[in-house]
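Structure first, then comments.
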Amino acid sequence: MPDYRSKTSTHGRNMAGARALWRATGMKDEDFKKPIIAIANSFTQFVPGHVHLKDMGQLVAREVERAGGVAKEFNTIAVDDGIAMGHDGMLYSLPSREIIADSVEYMVNAHCADAIVCISNCDKITPGMLMASLRLNIPVIFVSGGPMEAGKTKLASHGLDLVDAMVIAADSTASDEKVAEYERSACPTCGSCSGMFTANSMNCLTEALGLALPGNGSALATHSDREQLFLQAGRTIVDLCRQYYKENDDSVLPRNIANFKAFENAMTLDIAMGGSTNTILHLLAAAQEAEIDFDLRHIDHLSRKVPQLCKVAPNIQKYHMEDVHRAGGIFSILGELARGGLLHTDLPTVHSKTLAEGIAKWDITQTDDEAVHTFFKAGPAGIPTQTAFSQSTRWESLDDDRENGCIRSVQHAYSQEGGLAVLYGNIALDGCVVKTAGVDESIHVFEGSAKIFESQDSAVRGILADEVKAGDIVIIRYEGPKGGPGMQEMLYPTSYLKSKGLGKDCALLTDGRFSGGTSGLSIGHASPEAAAGGAIGLVRDGDKVLIDIPNRSINLLIDDAEMAERRTEQDKKGWKPVESRPRKVTTALKAYALLATSADKGAVRDKALLDKLVP
């Protein structure tokens, strides 16, 4: 039976000094016999998805202590991708994921904590904490801050989100007054942005991985029901500790819950709900931390057989996360997938012995439990606020229409092919990814002329200056993990293409990545990246490129001899951008770039290189 890790610093005569310091934090004699639960919070006033988390750590802490544990809270950083977008701040977003993972590891290992409650929400925070949890492999539960309510305005017939504000701002025909109205209405409350963007996608995936409670990805940040998730997380983590440390049950450890089959479940959910392409990057990174052989080949295999059962902004304007919740949340999507024979349901979760048990209890089409139905009726109040649990509005009815509703059955899927796809070809030998959920079917096969830009900044200038025409394939390169460095998101270029009326007439290919708010024929994560000798660095203005989503291919239409000749020439020149890029690459960013792998590896650190440098 494993000992509490915390005994290292709480037991024995030689630890008198450590105990003296623990006592200074408020611990008493009886506390040294209890598990120490680390509460990894991510409160910050910089990020709307985290602005309401200040008191959440202590809310969980009180419940941990009632359940028989000792709670110790600490904070990690959180970067807002939307605020960092469109300038050098975006260079820091993806690297922050590694910093977050490391900071959780540092705090938990330095203080010998026995378990973790991860209070996350936005884009890099959930992935960073997930990486740390799988690295540490001690009992863990995730509870996120929850999604923002969709914005409302009389100027639009649909709910608004951040992307609407960006698109209208780039529309030269829109008045300043209309832009201001959208700006003031798009993000009305605390919480992660209201569509199926990266933050909400990742919080939904923690449910599928088995590491979070039902409702974690969909219950609104403002709704009073969400408080129960935090309280239940506090009780559950102490129970998980008891099972592992007192009953020798290692099935509750994160690597045994989030195993290979669970990663397949998470990716299956992601494809079915048309999640952000960033989720692929983060799942690949988390799998490496768990030492699981899960890669783009597995994702490609799943993408060919999983239908799209849910369509949410930015893929469709009609639905936001509040609508997903009303339709039964993630466990209702999982229920439909299970009935289609597309899930592994025999896996443990933090709340049920098996996923099948969890689905039976929480899928609104399977259960008559009035409490479950009431929970999923929780809806938006439409009142701007930065306060959690500030309203208790409920829909009069659930959306259980699986033929035409927000969530569909396999038989009535939005499409029989899912919302994400992996493409391979001579321009991306190790793969690239596209969110097919946001691509109009008329351009699933697209041949166009390459228009080369060697930074996001120059691409934005070119698009706004009307240098990009219908039929072009915009190539933005040297923006990968090494080349950027930091693998910037390309939300501004895609939003501006849309505002110019080119959303269905152009494509975009990059070794960078896309915001979860991106839609259109936007292909990212081209691997290897240009800075690592990837063929995207060999494309020239005017070259023809053929994109074929049904056949999962993307190719530069030149022969092998020409490709080899260009590669020899580029090897001599060096793999770096020709155009001047006035960006400041700090020591911190250089350190990230030195060790970063391409996107097909999750843009994690190159462990082989690390082992060489530090044997």
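The backbone N, Cα and C atoms fix where each Cβ goes, and this holds for glycine too.
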Considering the Mg(2+) binding residues Asp81, Asp123, Lys124 given in Swiss-Prot, which of Glu467, Glu479, Glu489 is annotated for that site as well?
-> Glu489
Taking Cα atoms as reference points, which of the binding-site residues Asp81, Lys124, Cys193 is nearest to Ser515 (active site, proton acceptor)?
-> Asp81
Taking the centroid of the Cβ atoms of Asp81, Asp123, Lys124, Glu489 (Mg(2+) site), which other same-chain residues have Cβ within 8 Å of it?
-> Val79, Ala84, Ser93, Leu94, Cys122, Thr198, Ala199, Asn278, Ser515
Distance [Cα-Cα, Å, rounded] between Cys122 ([2Fe-2S] cluster binding site) and Asp81 (Mg(2+) binding site) = 9
Rounded to the nearest Å, what's the C-alpha distance separating Glu489 (Mg(2+) binding site) and Cys193 ([2Fe-2S] cluster binding site)? Just drop the number here, would you?
-> 16
Non-local Cβ contacts of Asp81 (Mg(2+) binding site) (under 8 Å, 6 or more apart, same chain)?
-> Met90, Ser93, Cys122, Asp123, Lys124, Thr198, Glu489, Ser515
For the binding-site residues Cys122, Cys193, which one has its C-beta crowded by the most other C-beta atoms within 10 angstroms?
-> Cys193
Rank the binding-site residues Asp123, Glu489 by the number of other Cβ atoms within 10 Å of each Cβ and report the first-ranked residue.
-> Asp123
